[in-house]
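Okay, so here's the structure we're looking at.
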Amino acid sequence: KSAIHGHEDSSCWVVLVEGEVHEIQYNVPKLDKKFIETQMKNPTGAIGRCSKLRVIHEVKLSEDGLTNTYANDDIAVHRIENRTDRPAFTLHVYAPGLRKMKIFKDSGEVFVYSVASIPYMSEHGSRTGRWGKDTDPDGILDIEAWNKNQLGCSPVISSMPNPP
């Protein structure tokens, strides 16, 4: 199973490729003042505490059921678990590219990790440098606008059924 984690300013789509996994979503915990101050001084290596994590949603992704799910830090932090003895494969897509994530422990600890990502946008594999209607000039995806446009609602927990 993965660590419980958030995706900072990125949206995350998880697609099941093969096997069976569970996505467990947790409330977005409150971060303690010391952690927030440490993160200001050390944005890529802060360590601190957070409020208690509480499961708010759980979904099974399987080849004969739901095959994808979506989350961002406005909705929840999450983990992916393989509860079977068979291998499982998932594809994770981030928009904008994942740069930083917070890792949470059940004990209430929180860590910040940097993640390498490409700092530009592309279409069909070609670098464009153009921004769409859901991006702002510095390249950060407006998650709330994307949710509203694509889902027709404000951020909520959502799992999408298999396409017809």
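Going from the start of the chain as shown, residues are counted 1 onward.
Just so you know, glycine gets a Cβ as well, placed from its N, Cα and C.
All TrEMBL annotations are machine predictions without curation.
Reduced to three states, the DSSP call for HIS7 (Fe cation binding site) is coil. The Fe cation binding site feature in TrEMBL is assigned to HIS5, HIS7, HIS78.
Excluding HIS5, HIS7, HIS78, which define the Fe cation site, the same chain contributes ILE4, GLY6, CYS12, ALA71, ASP73, VAL77, ARG79, MET101 within 8 Å (Cβ to the Cβ centroid), listed in sequence order. Long-range Cβ proximity for HIS5 (Fe cation binding site), meaning a same-chain Cβ under 8 A and a gap of 6 or more residues, is found for VAL77, HIS78, ARG79, MET101, LYS102, ILE103, PHE104. Of the listed binding-site residues HIS7, HIS78, the Cβ environment within 10 Å is emptiest of other Cβ atoms at HIS7.
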